[in-house]
Amino acid sequence: MAYKADLRTTFEPSRVIQPIYTGGSVALSQDGKVLATCLGEEALLTDLNTGEHLARIEGDGEPITTLALTPDASYLIVCSRSLSMRVYALRPSETLDNTIEARLLRTLKPHTTPVVTIAVDSTSSLLATGGADGVVKVWDLRGGYTTHTFHGHSGVISTLHFFQVDPAESEQPTKSKKRKSKQRNAEAEEVPQDEATAGYRLASGGEDGKVRIWDLHKRRGVATLDAHVSVVRSLSYSPELRLLLSASRDKTAILWDAKTWQQQSTVAVLETIESAGFVESGRVFYTGGETARLRIWDTETGSEITQEQPPGAEMEAIVDVLHHNRLPFLLSVRADQTLILHSLEPLASTNTQQGKQIPPLPVLRRISGTHDEVIDFAYIGADRNLLALATNLEDIRLITLETSSNGSSGGSAYFGADVGLLKGHSDIIITLSVDWSGHWLATGAKDNTAKLWRLDPAHNDYTCYATFTGHAESIGAVSLPSSAPPVGSKEYNSPLSHAPKFLVTGSQDKTVKRWDIGAQAGKVPRAAYTRKAHDKDINAIATSHATTSPLFASASQDRTVKIWDVESGEAIGVLRGHKRGVWSVAFSPPGMPALTTGESGGASSAKGMVVTGSGDKTVRIWSLTDYSCLRTFEGHANSVLKVIWLPAPAQRKGKAARGVQVASAAGDGLVKVWDAQDGECAATLDNHIDRVWALAVRPPPVLSAEASKKRPSQSQDAEMADGDEEEVPVGGSTLELVSGSADSTLTFWHDTTASTAQAATTQATQRVEQDQELQNYIRASNYREAIVLALQLNHPKRLLDLFSAVVNGPHDAGSFIGKIAVDEVIASLSDGQLWNLLRRVRDWNANGRTHSVAQHVLYAILRLVPRERLLNLRNRRRKAAAAAEAEEDDEGVDGELADAMAALTTREQSKESVKDVLDGLKAYTQRHYERLETTGAERFVLAWALQQMGDVVGGGG
C-alpha cells in the first residue's frame, strides 16, 4: 500500500559563514594550524587550513583582554576584565571529527587589575602574565601555581617575551643604589645553579618605555634597558645573533646585545610600531604599525630591504604580527579585523648583503575575521562559485564557494575563503548588481559614484572598467541589464570582451540616470539621460529580463514604484499601494507561470510581474499589464528589506510540482518563502539574530553555446516524466538561497522539499502498514505481537480495544485477566513496555467507562510482576537508556518510526515517577470502590423496597 504526502516547501541551512574574529588578541600554534581569536566575550579556535571551527569557549560575561595558545596547542589561556584567568586543556574530540575538546582546568585571579598581556615559553610549560598594576608573574601551567613575581615597572605591562641565553656568558647587571635591591640580589645568588634552567630569561616592556630583563633562575632582574620614550609594544630575541629587538610607539626599533645589554643599533622606522620580530635566523626583522605596511629590515645595516609602499588606510593598520620558526609565512592582524598571510619565500631567496630591495611580501591569503554588516551580495563568475560582498566598507570582498581544499596553510581556498578585494571607492558601498554572465559587477557607494568592474576569476584578474560620476548624493541603487544575448553571438561566447550596454543608477538626490557603457576601458562615461524620478530617496532599481523593449523599475521611500522604459527614459506606470517606503523590487524571470485572479480581479499575463517589499511589513506582486496588485503577503514583523523570485518551476504535473514562489527577507531576522498562487507562507527560514539585508538565489552556471543547444531536449524529457514522481531540478542541483544579515552571518539554504516529502511519504506508508499488521494480529488472536506493537506505535485506543475484548469475552480458568496467553505477555514485557502500559492503565482508570478494563489489567500486573521490579521500574529504565542508544541507531526504518511514535508523549510524562503513577491509580481506584459501596447500599434499599411491595401485593391477593 502506497501513500503520498502533500508537498511542503522546506529549506535547511547547509553552510553558515560566521565571524571568527571581532578584535582583540590573536594566537597561533607552532605548526600554523590552530588559530585562537577573540569573538566578543568568547574565544574561538579555528583551523587555519580549512576555516572550520574547532572549538568555541564561552566567556564569563566580560570582554577578553588577552589570550594565548601554547606552541603545541595543548593549552589555551584566556584573561578577561573580570580579573580572572581561565586555563583550558585542549585535545582532539573523541566523538566528533575536526573538533577540539576544551576542558576548563582552573580559574585563577592572577592580578589585582586586569591582565593586559601574556606569553608562553617554547616548552609550553611556563606562562608569564603582565597586568595593569605593573607586576609581572610567572606561572607553572601544569601545576597552576606562581613561580616568580617581579616588580619594577611603573605602569602597565605592554609586552612579554621568553628566551634563553648561554649561562656561561657573563652578564652585566644594572647597578642599584638601594640596599633592598642589593639584599635581594645577594640572596638570589645563593640559589644553587642548575644547568638546565640557568639560561631562562624573561623580557618585559611597559608603558614607561623601559625594557626589563629577568633571570628566572636567580629570580631577579639583570638589566633595565631605558632607551624608548613611549610604550614598548613588541619584543623578540634571536639566539643565533644573541640580539634582543624592542619596538615602541616612539617610531623606533632598537637592537640590544644580550651579552652586555648595551644598545647596538637604533632603527628609525618613522611610524608607530605595534609588532616586530626576527625572521630568517635573525638575518632580517619585520615591523608593522599604523601605516598598514609590513616592512622588512636588514639586521646588520638597519636599512629597509622592501621597496617603498604606499601607506594604507587607518582601518587597515597592523595591530599585531604572528610568526613561529619554520613557518613559511607571517600572519598580520589588521584593525578592520582582517588577517593576512604573507609569504616569506622572497626572503629565503634574497641575499640582503647585496643591497637590493625586494617587493613587499606577497599575500598568500586574506581572512576576513568578520564581514561586519552584510548589506548586499551577488554571485559572480561563469560557474557562480564566487560571492561578492558589500560589508559596510569601501571595498568589495570576493569569497569562494568551492569546498575543495589542498590542506596547505599557504594558499589553499576553502568554502568562504577570501580570494579577492575590489578597491576603488572612498566611502561605504551600499548596492551591487551583476550581469547575466557573472563577469561584470556594478557597485554604488556613498561617495556619490558608481563603478563597473571586470571580473575574470579564471586568471584572478579583477579590474575597474569605468567610474560613473554625476549624482549629487549617495548612490543607493544600481542595475545592469538582466537579459542574456542570443546564444552563439559574440557577446555570449566572450562576455569578458563585451561590456554591458548600459547601467541604470538611482540616488538619494531623487534622480535616476542611464549610462551608456563604451567599448573601451577607462573612457569616462556620460549619462544618456537623467530623470527626476521620486520625491524621496531611491532604494532599489531592477531591470527586466526582456531582450526587446527592456524596462526598469525604481523603488523609493515615497511609497511608490515606477516602471520606466530603458530606451526613452519615460515612466510608463506607477505602482501605488504600499503604506511606507519600498525597499526592494524585482521583475519576474522568463517562463514564470501566470497567476490566476488577483485582489483586484485581474490576472498576470505574458508581460510579466513585479514583486516589491516595503517598510509596511508586506510583500506585493503586481501585474505589468494594468499595474494592479495581484497578491499581498503579510507575516513579517518588521520592514521587508529584500525580495526575490525563485526560479520558474519545471513543467510537471501532480502534487510534486512546485508553484510560483517568491522569497523575502526582513528586519525581523527572518526569511520567508511565499506561495504566490495560494497567497500563503510556504516556509520560514530562521538563522539570523539581526536585520537580513541581502537575499539571493544561486543562478545556474552559464552554459557554452553547445550545451545551451542541448538544453531544450533535456527539458522536454523532463516534461515527459511521470507527474507523480518527485521534482528533480534542472541540471541535477538543488535550489540554493543565501541570506546575509547585520549579524555578520551568511547562511546558505538548500531546498529539501523533495527529500522531506519522500521521508514523510515513507513514514506515513510505514505507519499504515504497521496499523494493518496490528489489526491482523488482533484478528488472529496473536496477543503477544499485538500488545507489543500497539505499545510501540503508541496506539492507546487499539490497546484498550484489545484488552476490552479479552476482559469481556470468555475467561480461561486460572487467568488473572481472562486469557492465559495475555497473562504471559504481561509477565514478559520489558521495563519500557511495562512502564508505558502502567501509564495507559492510569489514564483508563480515570474514566468511568473504561475503569473496569483498567482494574483487570492492573490486577494482572500486580499479580504477575514482582513488587521490587515495579518500584525500581523508572530507575532501571534510566540506567538502560545509555546502552540502548547504540542499538537504536542501528535499527531500520521500523525502529525510527517506533521511536518517533513513542516521542509523542509529553515532557511532563517523561518526568513522571512510579510513585506519581501509583498515586493516580490509588486515588481513582478508591473513588471507584466508594462508588461501588454506594451502589451496593442503594441496591440493598431497592431490594428491600421491592420485597416489601411484593409482600403487600401478595397479602392483598
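Glycine is no exception: its Cβ is also placed from the backbone N, Cα and C atoms.
Copied from TrEMBL, the annotated features are:
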COMPBIAS  719-728  compositional bias 'Acidic residues'
DOMAIN    771-949  domain 'U3 small nucleolar RNA-associated protein 13 C-terminal'
REGION    168-202  region 'Disordered'
REGION    703-729  region 'Disordered'
REPEAT    108-149  repeat 'WD'
REPEAT    202-224  repeat 'WD'
REPEAT    225-266  repeat 'WD'
REPEAT    273-307  repeat 'WD'
REPEAT    422-463  repeat 'WD'
REPEAT    502-517  repeat 'WD'
REPEAT    531-574  repeat 'WD'
REPEAT    609-632  repeat 'WD'
REPEAT    633-684  repeat 'WD'
Same-chain residue ranges lying at least 6 outside the repeat 'WD' (108-149) that approach it to Cβ under 8 Å:
65-72, 74-75, 77, 79-81, 83-87, 155-162, 200, 202, 204, 206, 214, 216, 219
Which sequence-distant residues neighbour the repeat 'WD' (422-463)? Criterion: at least 6 residues beyond either end, Cβ under 8 Å.
375-382, 384-386, 388, 390, 392-396, 398, 469, 471-485, 495-496, 499-500, 503, 505, 507, 515, 517, 521, 540, 699, 702
Near the repeat 'WD' (531-574), which same-chain residues lie under 8 Å Cβ to Cβ, leaving out any that are not at least 6 residues past its ends?
431, 476-483, 485-486, 502, 504-508, 510-514, 580-590, 608, 610, 612, 614, 622, 624, 627
Residues of the parent chain within Cβ reach of the repeat 'WD' (273-307), under 8 Å, 6 or more residues beyond its termini:
233-234, 236-241, 243, 245-249, 251-253, 255, 265-267, 313-314, 316-321, 323, 330, 332, 334, 342, 344, 347-348, 350, 352-353, 356-361
Residues of the parent chain within Cβ reach of the repeat 'WD' (609-632), under 8 Å, 6 or more residues beyond its termini:
542, 551, 553, 555, 559, 561, 563, 573-575, 577-588, 592, 595, 598-600, 602-603, 638-645, 662, 664, 666, 674, 676, 679
Summary of DSSP states over the repeat 'WD' (422-463), given as helix, strand and coil counts:
3 helix, 24 strand, 15 coil
Which whole-number mean pLDDT does the model give the domain 'U3 small nucleolar RNA-associated protein 13 C-terminal' (771-949)?
75
As a quick check of your reading of DSSP, tell me how many residues in the repeat 'WD' (633-684) are helical, how many are strand and how many are coil.
0 helix, 25 strand, 27 coil
For a three-state summary based on DSSP, what are the helix, strand and coil counts in the repeat 'WD' (225-266)?
0 helix, 25 strand, 17 coil
